[in-house]
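Record features, source TrEMBL:
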ACT_SITE  Asp187  active site, nucleophile
ACT_SITE  Asp189  active site, proton donor
BINDING   Asp187, Asp189, Asp415  Mg(2+) binding site
COMPBIAS  117-133  compositional bias 'Polar residues'
COMPBIAS  148-163  compositional bias 'Basic and acidic residues'
REGION    91-174  region 'Disordered'
Amino acid sequence: MPNRSHSPSLCSGDFSAASYDFSLRSAAQVSSVKMQSNAVKSVFRQCRSSLAQPPCCRVVAMAAYSQTQYSPAIQSTGPYGPYTHHPQGYGVPSYNIKTEDGLSHSPGQNGLLGYPSNFSTAPPGQSLYSYSTHGDHHPSPSPPTPSKEQDGVRARRGSDGKLRGRKRASDPAPPLDSDIERVFVWDLDETIIIFHSLLTGTFATRFGKDSAKSVSLGLWMEEMIFNLADSRLFFNDLEECDQVHIDDVASDDNGQDLSTYNFGADGFQTAAGSAALCLGSGVHGGVDWMRKLAFRYRRVKEIYNTYKNNVGGLLGSPKREEWLQLRRELEVHTDLWLTQALKALALISSRPNCVNVLVTTTQLIPALSKVLLYGLGAAFPVENIYSATKTGKESCFERVTQRFGRRAVYVVVGDGVEEEAVSKKKNMPFWRVSCRADLEALSHALELDYL
């Protein structure tokens, strides 16, 4: 039998050393086991808490403990690909965003700001531009705006809601007269021109001129006025059928071509003389006769518009030279009165929203003859000339205000009592012209924009 008492591990001499070595190893193993147990517990707690974290966090947490094997629930996954947008939009209401192109866009519309095509609005913290996960910046294309496809191009509106784009082609143009802001209503004789006071000698007496010369010039001009009225403007036919305005009988005109019409053989004078059809301020006659009357006023209007800037061509030679000589002598005798009046008229005509209107007590046809011979055709369109011979100036002023509207400012320029009284009655400013200096002052006021 073996002698177990001689076993080295049980020898009395080696017992204490062996026992001590065994206890040290046992303590180290226990400590190691405890440490491993605590580590396992810690890893388990860490893994359990990491289940609530994104996968990338779970991988980092487990790799910290150099674990080589895991349970299926906490296995590491492969690298994740770029995040792609979900097809559904976030539950954020769309907003109306003002962009620099002046239009109001909802998110997703074309404009300065671009939006991802699958989002109703940008999520918090996201840039107004969309970026890819990797690579360079590429603004995402904006989808077409459905409302523009359906409704077409819309007119732009400013912040005040007013249209800023073009007018629609169907919008009617406003009447020309409605754009006028200031109307200058002129008297003719002794205001713009010197005529009647030449015949009576009043001008010569007042301003110390040669009386015989004044009367002579007045008679000369009177002859030219009525000669032109009779020979070219049908005054022999229209003297008893005077109108306030050139278009007063235009409604009776059927628009017939008058280029070959024979006014001398249409029987107008015979019918007028036998039946006395022109009475008072109105015109009375049959349809045929009224049409012939309208033809004459239409031809007068055509002649005025054709020759208002070429009176010499209307007169012909030698009347043209006679007329030019008379104009020169009149200007010298009246100290350039007409020149000063023409300056004021030109200043008014040069303004875009101002107009000259003539209201005279002279019959319409002689008044048109005066305007042409005194060189006023450019200042007064034929539609702006009114005769107050039969109706009075107040009635004419009323027609003028109805034509240009109540919002316009009316300034009356004259020398007579009648126009001054009417202007006061209608609360219109009145500029009195008693001498040439008054016309100079008017021109100066116009130049300084006082009127």
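Along the chain as shown, the residues are counted starting at 1.
Placed from the backbone N, Cα and C atoms, the Cβ positions cover glycine too.
Note: TrEMBL annotation is automatic and uncurated.
Taking the features listed in TrEMBL, we show where each one sits on the structure.
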residue : record                    : CB count, 10 Å
Asp187  : active site, nucleophile  : 23
Asp189  : active site, proton donor : 19
Asp415  : Mg(2+) binding site       : 18
Other than Asp187, Asp189, Asp415, which residues of the chain come within 8 Å of the Mg(2+) site, judged by Cβ distance to the Cβ centroid of those residues?
Leu188, Glu190, Thr191, Ile192, Thr360, Gly414, Gly416, Glu419, Val433
Can you give me the Cα-Cα distance between Asp187 (active site, nucleophile) and Asp415 (Mg(2+) binding site) in Å, rounded to a whole number?
7
Between Asp415 (Mg(2+) binding site) and the residue listed as 'active site, proton donor', what is the CA-CA distance rounded to a whole number of Å?
9
